[in-house]
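Chemist: Before anything else, here's the structure in question.
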Amino acid sequence: MRKISLLGATGSIGTQTLDVIRMHKDKFQLVSMSVGRNIELAKQMIQEFSPTIVSVMHKEDAEGLQMEVPGNVRVYWGEEGLIQVALHPDADVVVTAVVGSVGLIPTLEAIRAKKTIAIANKETLVTAGHIVMEEARKHGVSLLPVDSEHSAIFQCLNGEENRSISRLIVTASGGSFRDKKREELRHVTVEDALNHPNWSMGAKITIDSATMMNKGLEVIEAHWLFGLPYERIDVLLHKESIIHSMVEFEDSSVIAQLGTPDMRVPIQYALTYPKRLEFLDEKRLNLWELGTLHFDKMDFERYRCLAFAYEAGKVGGTLPTVLNAANEVAVEAFLQRRVGFLQIEDLIEEAMEAHVVSKNPTLEEIQLVDGQTRKEVLTFIKQRGL
Ligand SMILES: NC(=O)C1=CN([C@@H]2O[C@H](COP(=O)(O)OP(=O)(O)OC[C@H]3O[C@@H](n4cnc5c(N)ncnc54)[C@H](OP(=O)(O)O)[C@@H]3O)[C@@H](O)[C@H]2O)C=CC1
Ligand SMILES: CC(=O)[C@@H](O)[C@H](O)COP(=O)(O)O
Ligand SMILES: [Mn+2]
């Protein structure tokens, strides 16, 4: 029985992780979970899965929930709560499915406690990749990718020697606006942007996908997980999201991982690794029915956020932290309808240009830069009268 701690249980990855646990009750047990504001769903989950440590975002919610749950359940809140969930003494695997850099500290704590990490929260690696990877190395902890592209690359690399990799080819669907020209993006709505063609995901990642920042964050995530320089990580437009990513080797062979777009597959793989388990859903890939797959060259002028991410990754130091924090604030402002879609990239560019990069930052410096960038971007938004 693999015992699981789940950060972000009420989200898209969280609920799909619970689906996988539900499909294999004899193999997995949920021992702890965190939610944000969705207390009603949390109550149902506690009743169904019986975790003994639970965390919510706010103190008042924690106090209310504590009165309603069985006596053996402890309810925590805030960042300390996320850490308590990650450190459940019985947990073997911690699934990091919260959104945003709030995932960093609980992930680091879980690594220090030698828990295996099934990492969905890409912002953790973007904002502090060098620290997370060093801690994982020091404590002998595996980071198992949940993100579909990274799970694909991880599967393509099974049994291969790292030195024989030529390049990684990360596929991108193109997101909600892939058929629009740049000039058509000025007046798109939040609803349009949230309408991803292939995946049903949380709001923040769906907007990231539309700006192509998601792919930028994934390039940085791939750099840290697989240790390749940015010059050897390419992005390829592939609108069907059937090939989840590929690896080219020195002998010119390319290995790809394919499947229907269903996040429960990479989630299950991370939970069962190094074994595979039957996927208890009838949906299977049918290439004959699909007929054709499409591929296009990435246009870095059309998708400026991807260019920003490559720049941040190559420069390194505190710049990826700025990229991530500015993006989180700008996307939230777009979702609140305070800024337009194209202003997301303007705000990120402004924050990156204003930043003086510090090399090899400590965790404290990263937290400081993260906080300062968030304030700065909010000021940029106010200065624009928005
Ligand atoms: N969705 C997907 O298919 C994929 C997602 N990912 C990555 O996985 C992560 C999660 O994405 P996704 O599931 O889509 O996101 P969702 O927005 O659907 O879910 C986020 C979860 O985090 C909780 N949460 C949000 N903010 C906080 C906070 N400040 N403190 C504590 N908990 C918080 C939410 O709680 P509540 O809802 O209760 O308020 C919810 O449980 C992201 O990093 C994303 O990039 C990667 C690949 C695919
Ligand atoms: C399911 C998943 O892993 C997402 O990160 C997905 O990749 C988003 O799709 P695009 O960013 O390719 O549009
Ligand atoms: Mn992905």
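Note: Cβ is positioned from N, Cα and C throughout, glycine not excepted.
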Chemist: According to TrEMBL, SER148, GLU149, SER173, HIS196, SER209, ASN214, LYS215, GLU218 bind 1-deoxy-D-xylulose 5-phosphate; which of LYS114, LYS115, LYS122 is also listed for that site?
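Modeler: For 1-deoxy-D-xylulose 5-phosphate, TrEMBL names SER148, GLU149, SER173, HIS196, SER209, ASN214, LYS215, GLU218; of LYS114, LYS115, LYS122, the listed one is LYS122.
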Chemist: Of the candidates GLY174, GLY175, GLY202, which does TrEMBL annotate as part of the NADPH site that also includes THR10, GLY11, SER12, ILE13, GLY36, ARG37, ASN38, ASN121, GLU123?
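Modeler: Answer per TrEMBL: GLY202.
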Chemist: Express the distance between the Cα positions of GLU218 (1-deoxy-D-xylulose 5-phosphate binding site) and ASN38 (NADPH binding site) as a whole number of Å.
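Modeler: Distance (Cα to Cα, whole Å): 28 Å.
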Chemist: Could you tell me the C-alpha distance between GLU149 (1-deoxy-D-xylulose 5-phosphate binding site) and GLU123 (NADPH binding site) in angstrom, no decimals?
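Modeler: On Cα coordinates alone, these residues lie 15 Å apart.
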Chemist: These are the binding-site residues: SER12, ASN214. Which one scores highest on other Cβ atoms within 10 Å?
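Modeler: Neighbour-count leader: ASN214.
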Chemist: I'd like the number of other C-beta atoms within 10 A of the C-beta of THR10 (NADPH binding site), please.
Modeler: 22
Chemist: What residue among the binding-site residues LYS122, HIS196 has the most other CB atoms lying within 10 A of its CB?
Modeler: LYS122
